[in-house]
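Peer 1: Encoded as structure tokens, here's the structure I'll be asking about.
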């Protein structure tokens, strides 16, 4: 129907929960905002729409990118307000297995609809999520 979603954040999280046995929702709360930032250059309009429609970000005097980033911050703040984790360190996860996570995330090849993600992309998102 003209709407295309992207489940890449789930691929990233499945690798984390497989290695560390954390709840899928908790992992998504950590990874999703960083995945959004990583995809901002190819999807600013969709993230701006989220900011305006869901978090009522006022776009006046702001670039589309600024509005989108404000929406990403608001999403993270909302999840934190309901007790969701905000970084991998909340589950005592450090950078010692990021290479393993990236390898698991791309085990079936590059993935993603908005932006095709490879190993370096996965590593960058995991590092931003520490």
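Even glycines carry a Cβ here, placed using N, Cα and C.
Checked TrEMBL, it gives:
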DOMAIN    2-129  domain 'Fe-containing alcohol dehydrogenase-like C-terminal'
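Context for these features, please: burial, neighbours, distances.
Peer 2: The average pLDDT computed over the domain 'Fe-containing alcohol dehydrogenase-like C-terminal' (2-129) stands at 96.
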Peer 1: Run through the domain 'Fe-containing alcohol dehydrogenase-like C-terminal' (2-129) and tell me, per DSSP, how many residues are helix, strand and coil.
Peer 2: 87 helix, 2 strand, 39 coil
